[in-house]
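Visitor: Okay, here's the structure, questions in a sec.
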Ligand SMILES: Nc1nc2c(c(=O)[nH]1)N[C@@H](CN(C=O)c1ccc(C(=O)N[C@@H](CCC(=O)O)C(=O)O)cc1)CN2
Ligand SMILES: [Mg+2]
């Protein structure tokens, strides 16, 4: 029987801690963390995620600003808006919701946000720190960081484990692999060109799947007792939100599993809130 990794419950617990940190910053220093989220266009899923971020931030006492920009905004215009928030002392974290339209080069956006305000942890400086396992404090992509919090909470150690990361995106795959390497796992990073992913997954102690592909993994692809972390957000044939893994089919075989919804998703948002407060605290410590 599997243990369900309850991301919703853990996110609630973390959000309570974050609220307390916000209250303490306010009481001790008169500081309210400020988060700005820029969304370009009207992608429905992105709008929903941004709305959830905004509502959660407000509930936790974080000063949240959302700016929805036209889908045909030029890159120069978007970068100018980012610069404006880079120079705004009331803003601690800047996030540009992904995906972006084709006229905008995501890497230009990533480089333009100041590393100290990069609440997503996407800036090359912060990614570099992650890959050298730097001992200073820096932001890390929220989904992978939230997954590490889940491992901690459920007593899942990575040391000496065989881990498989399916997907090599800058948001999930690469930073997740780096975090697992830093924690002592032996990590394989698979991608869409990997000839047979089962060659890797069937021996894995830990599988993190972030492909957006329905029915990617069933019981034949996994080892008994494996830990399954499902980052997928897919609509199934019945129009329900599901992950990459056939949850019901693998349930009796796995050791731990994250549900979709209610697993990794809520942890992404809770981690974003946590990290917004981190940036405000670190800014204050630098004498911002
Ligand atoms: N700049 C960024 N863009 C994107 C990121 C990111 O971390 N930074 N991540 C993803 C999507 N994402 C956050 O923006 C995200 C995805 C899913 C959820 C979530 O809570 N899912 C729920 C279901 C909610 C629903 O569909 O209504 C769940 O799984 O329980 C939160 C955030 C892409 N872009
Ligand atoms: Mg990929």
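Glycine too: its Cβ is placed from the backbone N, Cα and C atoms.
If you look up TrEMBL, you'll see 167, 168, 169 marked as NADP(+) binding site. Per TrEMBL, the feature domain 'Tetrahydrofolate dehydrogenase/cyclohydrolase catalytic' maps to 5-120. Residues or ranges marked as domain 'Tetrahydrofolate dehydrogenase/cyclohydrolase NAD(P)-binding' in TrEMBL: 141-281.
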Visitor: Long-range same-chain neighbours of residue 167 (NADP(+) binding site), Cβ under 8 Å, sequence gap at least 6?
Guide: 173, 190, 191, 208, 209, 210, 211, 231
Visitor: Once the chains shown are all counted, how many other Cβ atoms turn up within 10 Å of the Cβ of residue 168 (NADP(+) binding site)?
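Guide: Summing over all protein chains shown, residue 168 (NADP(+) binding site) has 17 other Cβ atoms within 10 Å.
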Visitor: Please list, in sequence order, every residue of the chain apart from 167, 168, 169 whose Cβ lies within 8 Å of the Cβ centroid of the NADP(+) site.
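Guide: Along the chain, the qualifying residues are 165, 166, 170, 171, 172, 173, 174, 189, 191, 210, 211.
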Visitor: What counts of helix, strand and coil residues does DSSP assign across the domain 'Tetrahydrofolate dehydrogenase/cyclohydrolase NAD(P)-binding' (141-281)?
Guide: 51 helix, 26 strand, 64 coil
Visitor: Check the domain 'Tetrahydrofolate dehydrogenase/cyclohydrolase NAD(P)-binding' (141-281) for me and report the mean pLDDT.
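Guide: Per the prediction, mean pLDDT sits at 98 for the domain 'Tetrahydrofolate dehydrogenase/cyclohydrolase NAD(P)-binding' (141-281).
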Visitor: When DSSP states are grouped into helix, strand and coil, how many residues of the domain 'Tetrahydrofolate dehydrogenase/cyclohydrolase catalytic' (5-120) land in each?
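Guide: Helix, strand and coil residues of the domain 'Tetrahydrofolate dehydrogenase/cyclohydrolase catalytic' (5-120) number 62 helix, 19 strand, 35 coil.
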